[in-house]
């Protein structure tokens, strides 16, 4: 009874921050409210979409287009009207959600769907010294982990999966899989036509027309109508560029040659002229859609080369006719119907050229958006586990913290695998401030490349400040004087050795993000050459939690886990336990050494009800599991 009373008091007194009101978030908010929590704050940037309604049960058709955080609040208040729920329809990375904001909460509960936001919240929780309960689901897989500064590892102590990258030469010249065609269509062609014109792009922009004075074939001529422009782009990327690639015979000695596709090969001339002319009038009232214009209604149908060509031309035309103001600022979004149509058509045409089987729009969208369809039951299980761990955190019950992993298939009749948390990783640059090492060619690499590819992309800093010794070479953020901003902009385009404080071999960079209150050091090691295939960034960062191939062992079989960090039907990326034997101690061992416990926690007590990580000398990662009957107190290894 005393324990129950203590839990009830801790719950009633708690002020909780939820980040994310999607698949996990809806279940979590409902469970928090029904468990007695009375002061809950929710941050979510998203609005409700039709595709959310099959699993985010606080939302209805009438809510489509509205704020997830606000609608979730209103739905829960209908059955718990006396509690306080404060919604924020905003990005958790906004400056108002700073360390001081986080300090007001007793615990933070994450239900996010992308790695970048999770790292940001982790750093704010560390700076504010507020416990974090992290979670994620991918299909039938899920996990809940607890992170408390100084007592457990932080979210970034171990490597996390990130979307797979592919060598540029594979994407631009020798695709062999449909995903290569999707990456080409999304990250190169779509970005070149509709995105930032100043960004680097590996597409060939030179025309075969020697009489043309243009250096970039993607620029539209003043007197060129849209159909002419669309056909010219089609012929350039699917025809001329393929012919150019074929000229390098060495490339195709051991590969199947592609064949160039010109618009005249894919569509009769009269079909090109009338493409999209018999447009459904409903398309004028809703968001532009090439499928609607062409009368294509089934997203699961695999289009012919002719249909893909029609969709390509029509989608390009609709972007310029209906969304011209957005051109130059567009970034591919898997929820943008016209963008998905364009990318699907472009990828399929390129796939046809290289002898790769085409895919339906439904399938292509899944590939482009790294989509793994969510399971509502997994979200509900994970939400319940989050609340259980949150209550332990609020009670200060460190001994009973658990990282719990939800398996797709039972192992020894168990679907939930509890494991004791681990101590902080002493080599973690986030919570242990261990210096990083960057191998880079200091004579050819610009500061902009280091900031974009390393500091922002890999280290996840939003508004970085970079110092070389005592010299400030770059600062990002508001409040800069115009002359300062101009000076830093100039530094961005300088190679490292030409900065005001030259960066050479053994130089130490200090990088800081004031919003996250994160500071780390990077030791520079000069290196002349890099392998384009294995090291496409042209630099190598050591000492950070980079991407890993993760597998979950279930019933003795190993399955690959999708490494998507952002997805439509993925409510959060599930993380699978990855433990290096002999590298860590269990949390209760840390607490014993810190607090001089008097042998109350006997490591040989087989009656313990907790699952533990085994530390042994072999190469396998072994996890200790309870037998089916916990009363017997026998521990089993999950093979």
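Cβ coordinates come from backbone N, Cα and C, glycine included.
A quick note: this is a predicted structure, and the numbers were derived from the prediction, not measured.
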TrEMBL annotation (region 'Disordered') - matching range among 484-522, 601-639:
601-639
Counting every protein chain present, what is the number of Cβ atoms, excluding its own, within 10 Å of the Cβ of residue 431 (Zn(2+) binding site)?
22
Additional residues surrounding Zn(2+), by Cβ distance to the 154, 157, 428, 431 centre under 8 Å:
126, 153, 155, 156, 424, 425, 430, 432
DSSP says what for the domain 'Ubiquitin/SUMO-activating enzyme ubiquitin-like' (438-530): how many helix, strand, coil residues?
24 helix, 30 strand, 39 coil
Which of 154, 169, the listed recorded positions, has fewest other Cβ atoms within 10 Å:
169
Across the domain 'Ubiquitin/SUMO-activating enzyme ubiquitin-like' (438-530), what does the mean pLDDT come to, as a whole number?
91
On the DSSP side of things, how many residues of the domain 'Ubiquitin-activating enzyme SCCH' (265-365) fall into helix, strand and coil, could you say?
59 helix, 0 strand, 42 coil
Neighbouring C-beta atoms (10 Å sphere around the C-beta of residue 157 (Zn(2+) binding site)):
22
Please determine which of the binding-site residues listed here (23, 54) has the lowest count of neighbouring CB atoms within 10 Å.
54
